[in-house]
Amino acid sequence: MATENKILILGATGAIGRHIVWASIKAGNPTYALVRKTSDNVNKPKLTEAANPETKEELLKNYQASGVILLEGDINDHETLVNAIKQVDTVICAAGRLLIEDQVKVIKAIKEAGNVKRFFPSEFGLDVDRHDAVEPVRQVFEEKASIRRVVESEGVPYTYLCCHAFTGYFLRNLAQIDATDPPRDKVVILGDGNVRGAYVTEADVGTYTIRAANDPNTLNKAVHIRLPNNYLTANEVIALWEKKIGKTLEKTYVSEEQVLKDIQTSSFPHNYLLALYHSQQIKGDAVYEIDPAKDVEAYDAYPDVKYTTADEYLNQFV
């Protein structure tokens, strides 16, 4: 169904931004993308490259062919940013972790433009107001939380999107460092493997984001994506994979104490990924009760969405 809600995506060619663009187009929203004159990042982590093989140039051509309105600009260029924002109703920022704090510039531009009905700051992970993460991830979460406070203090209408674990980072390799596919012989499990995590495909994040953007009931609330068939422990995920390949994997369980040591002695991106895995698989940062006054559970709000289950997602690797 077509909608008049004009949506601008910042970070539209990134790992999650591209899925938000396609979901917006599919939903019938007039869709805009702020695009910088830059080439692809040749230093993309292997997981990111495996999940998103399409180049930036290919992506932009496909956007144009699909009706996306490309606006040349940059978060750090106030004039082009304001001009872009003035053309839309909703701004969704999917900028990477290095640009989190730069969103104060987006907020400033939104305030100047004066027409934005909703802003989605770049989160797309766990709820940054509910976590027990360690460094180096903790700093990023704290930066995201500080952006929330600026949004609220400035009176900018918002929605926070908490999607937890992308399948492209957590499921396609069963959270194995330096692997891009699920293991077939041995698997390392952080903690006891009995803590539930919330998995979701990047495409489904796009779908739920746009549903929330078009839903007045999510105004000034956080939307949580914890889908019943994807709300699983590491042991449950591994059992799904073992059933598919007809083989029992050799399992090594790593204590929290050892994981914390490994985080401290590893370099980026290993330490960052380990800290993310620690947050979900050991600390259980996807397990919490929501407050209906300020939170929305995506599955309950949009039960008609046909999401990809963890079981279905793993079929491609058999």
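Every residue gets a Cβ built from N, Cα and C, even glycine.
Counting every protein chain shown, the Cβ of THR13 (NADP(+) binding site) has 24 other Cβ atoms within 10 Å. Taken from Swiss-Prot, the feature NADP(+) binding site covers GLY11, ALA12, THR13, GLY14, ALA15, ILE16, GLY17, ARG36, LYS44, ARG148.
According to DSSP, LYS144 (active site, proton acceptor) is assigned to a helical segment. Within 10 Å of the Cβ of LYS144 (active site, proton acceptor) there are 23 other Cβ atoms, across all protein chains. Residues or ranges marked as active site, proton acceptor by Swiss-Prot on the basis of similarity to another entry: LYS144.
Sequence-distant neighbours of GLY11 (NADP(+) binding site): residues of the same chain at least 6 apart with a C-beta under 8 Å from its C-beta are GLY17, CYS93, ALA94, ALA95, GLY96, LEU99, SER122. ALA15 (NADP(+) binding site) and LYS144 (active site, proton acceptor) have their C-alpha atoms 18 Å apart, to the nearest angstrom. Most Cβ neighbours within 10 Å, among the binding-site residues ALA15, GLY17: GLY17 holds that distinction in the structure as shown. Look at GLY11 (NADP(+) binding site): DSSP puts it in coil.
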